[in-house]
Amino acid sequence: MAGGDLRSLALVSAAVAAAMCYVRFAAQRLRPGLPRLAAFLPVLAVLPFLPLAFRAIHPRAISGFFLAWLAESKLLLLAAGQGPLHPSLPLPAFVAVASGPVRLRADKAAQTSSGLGLMSAAVMAALLAVIVSLYRYKEQMNQYLLLTLYAFHVYLALELVLASMAAAARAVLGLDLEPQFDRPYLSASLRDFWGRRWNLSVPAILRPCVYRPVRAWLGSAPAGVLATFLVSGLVHELMFFYITLRPPTGEATAFFALHGACAVAEAWWARHDKWWRPPPLLATPLVLAFVMVTAFWLFFPPITRPGADKVVIAECEAAIAFLRDAGAWAAGFVRPG
């Protein structure tokens, strides 16, 4: 990250902390509904612009996800008197939950691990470094092999970034957290992939914000699913804008609308007990193949077409070179003699 982005990080962090302190203060004094929403409007209006303070793609995209998607959604839920935020939370925990991929564990008695273990994180970081090192041969690669590497890159990077943020909140604030991913490579259906395994901060927000209100309004679970995927697609258009700084193309919306329709069809088929369904050993490869093929078609082109993938690769290579040089310097510093 360049010096300018380090300054931007400090300024954005201070602005977000101040905004969330104000939100908590207002929520403690105003009842849910229009009074809270009106008080939150200045913060809701400012948050989507803060990621534009960064010049590099990685901090711009990550902060866009945290602030323009997660934080906005959580503040809208708080305005309506719903979780995961509550003004009774201690101020540091409130700021962390409001502005990051931090989800408090609903069942505090659960003993399952929350997040990546150190060994798993090290293996994922090593795999990501290998993938980045292979990009030097990208001009000689088959297009679909390169897109496959991009798919693994997205998964590993998201897993590491979100787990790192959650681990930092756990270490500093002592929060009891839920995991961000649950082995999406074992998904046996699209509903399993999107709803229970992939980037769990997103379905945790979309369920109360979109799915439940639409289902209650229309009395239809399929309508709630379709609306949820449509909203996810529209917000991904915003995420792609943070990456490319170009107008939306509609392809991300089409990608998630397609997956929503397929998830509804999948649920309809599953209700017929006597109908054929693939065995587990076949279901998982079919699901992953469908996700990747449709991603090659609709998800990646808005990023690769303007060349944003090349900038992402350059930033990754610079980060790895920095870590390698820092490691060599540290080793030389501690070496006796």
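Positions of Cβ are set from backbone N, Cα and C atoms, glycine also.
As recorded in TrEMBL:
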- 178-257: domain 'Wax synthase' (DOMAIN)
- 6-25: transmembrane segment (TRANSMEM)
- 37-57: transmembrane segment (TRANSMEM)
- 116-137: transmembrane segment (TRANSMEM)
- 144-169: transmembrane segment (TRANSMEM)
- 223-245: transmembrane segment (TRANSMEM)
- 252-270: transmembrane segment (TRANSMEM)
- 282-300: transmembrane segment (TRANSMEM)
For the transmembrane segment (282-300), the distant same-chain contacts (Cβ-Cβ under 8 Å, at least six residues beyond its ends) come to 144, 147-148, 150-151, 185-190, 192-193, 251-252, 254-255, 258-259, 262, 309
Touch test for the transmembrane segment (223-245) and the transmembrane segment (116-137), at least 3 Cβ pairs under 8 Å:
no
In this predicted model, the domain 'Wax synthase' (178-257) has a mean pLDDT of 94
